[in-house]
Amino acid sequence: MNPIAVTLLTGFLGAGKTTLLRHILNEQHGYKIAVIENEFGEVSVDDQLIGDRATQIKTLTNGCICCSRSNELEDALLDLLDNLDKGNIQFDRLVIECTGMADPGPIIQTFFSHEVLCQRYLLDGVIALVDAVHADEQMNQFTIAQSQVGYADRILLTKTDVAGEAEKLHERLARINARAPVYTVTHGDIDLGLLFNTNGFMLEENVVSTKPRFHFIADKQNDISSIVVELDYPVDISEVSRVMENLLLESADKLLRYKGMLWIDGEPNRLLFQGVQRLYSADWDRPWGDEKPHSTMVFIGIQLPEEEIRAAFAGLRK
């Protein structure tokens, strides 16, 4: 049985999550999508209470399913599985909408800390919506607005038709999250192919989509930022493990996400790793082949000690 792919939708208040959800729920896209949201919009549905956890599940005319959280996200996720297994509903994808002030971190960790959820669901990616009109003000006032961007695998920039030129905002987003490509979305209308199959939590070689180049001096220092570390020499696996363990010991509470591809001394294959806060995984990938070996890592977090991190990895040179 293949696990159900999960997309997490985050973004600050007014960023356009509801508009995007309306697009997902009303389009005849052929996907069998279940959506967990906090409040239901004005949609024509057949209501029914299913399950002993009082999770409200609604089946829409295009085959999508709406599910309101009761008390705990775990309950809603398990209720959906119960009803899927009983044949009451059908879905092969799940989209979860976070509230505007929610920290995506605990929601992400739900899929790695519950045995049944780990087996039955596969966290595919985090999509962050950013309001181009109000984003700077929101990120200046609320670290959570930066955090939502920091966790993202894709960033959707909304209201650009009103905001106008957004190059400086693009740069600020890249300073926060060097991993995530930015797409413009108008009134929630976007190719769902850009939202799905991001493989954000899979071990893969695309550590950074495009290394950002900055043309503007930042008006305000972000609390959350990306650190991209590149090494052109091999590293000893025990030594790089020690550096990573020290980093997690000292900064796990500050780390949001991190990902990397390592050139390990004496090994023909690349080593890939990815993590969220304290949870991480690593595995061997394909051989380097004709590609010039190198290491690339990106760390996204809250006021990370950049000089110390760079010095620790620089100390691995033999």
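Cβ atoms are placed via backbone N, Cα and C, with glycine included.
Listed features, source Swiss-Prot:
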- G11, F12, L13, G14, A15, G16, K17, T18, T19, D161: GTP binding site (BINDING)
- E37, E42, C66: Zn(2+) 1 binding site (BINDING)
- 64-67: motif 'CXCC motif' (MOTIF)
- E74, H114: Zn(2+) 2 binding site (BINDING)
- E167, H170, H187: Zn(2+) 3 binding site (BINDING)
- E167, H170, H187: Zn(2+) 4 binding site (BINDING)
- 224-315: domain 'CobW C-terminal' (DOMAIN)
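H114 (Zn(2+) 2 binding site) and A15 (GTP binding site) have their C-alpha atoms 30 Å apart, to the nearest angstrom. Packing around K17 (GTP binding site) is summarised by its Cβ count: 24 other Cβ atoms lie within 10 angstroms of its Cβ, all protein chains included. Counting only same-chain residues six or more apart in sequence, the Cβ atoms lying under 8 angstroms from the Cβ of A15 (GTP binding site) belong to G100, L129, V130, D131, T158. Within 10 Å (C-alpha to C-alpha) of H187 (Zn(2+) 3 binding site) lie the following binding-site residues from G11, L13, T19, E37, E74: T19.
If you average pLDDT over the domain 'CobW C-terminal' (224-315) in this model, you get 93. Annotation note: H187 (Zn(2+) 3 binding site) sits in a coil segment as assigned by DSSP.
Taking each Cβ in turn and tallying the other Cβ atoms within 10 Å, the top scorer among the binding-site residues E37, E74, E167 is E37. Between the C-alpha atoms of E167 (Zn(2+) 3 binding site) and K17 (GTP binding site), the distance comes to 22 Å. Highest local Cβ density among the binding-site residues H170, H187 belongs to H170, counted as other Cβ atoms within 10 Å over all protein chains shown. On the backbone, the CA of E37 (Zn(2+) 1 binding site) and the CA of K17 (GTP binding site) stand 10 Å apart.
For the binding-site residues G11, L13, T19, H114, the ranking by surrounding Cβ atoms (within 10 Å, all protein chains) places G11 first. Largest Cα to Cα distance within the recorded GTP binders G11, F12, L13, G14, A15, G16, K17, T18, T19, D161: about 19 Å as a whole number. Calculated from their C-alpha atoms, the gap between H170 (Zn(2+) 3 binding site) and E74 (Zn(2+) 2 binding site) amounts to 35 Å. When the Cα atoms are compared, G11 (GTP binding site) and E74 (Zn(2+) 2 binding site) turn out to be 21 Å apart.
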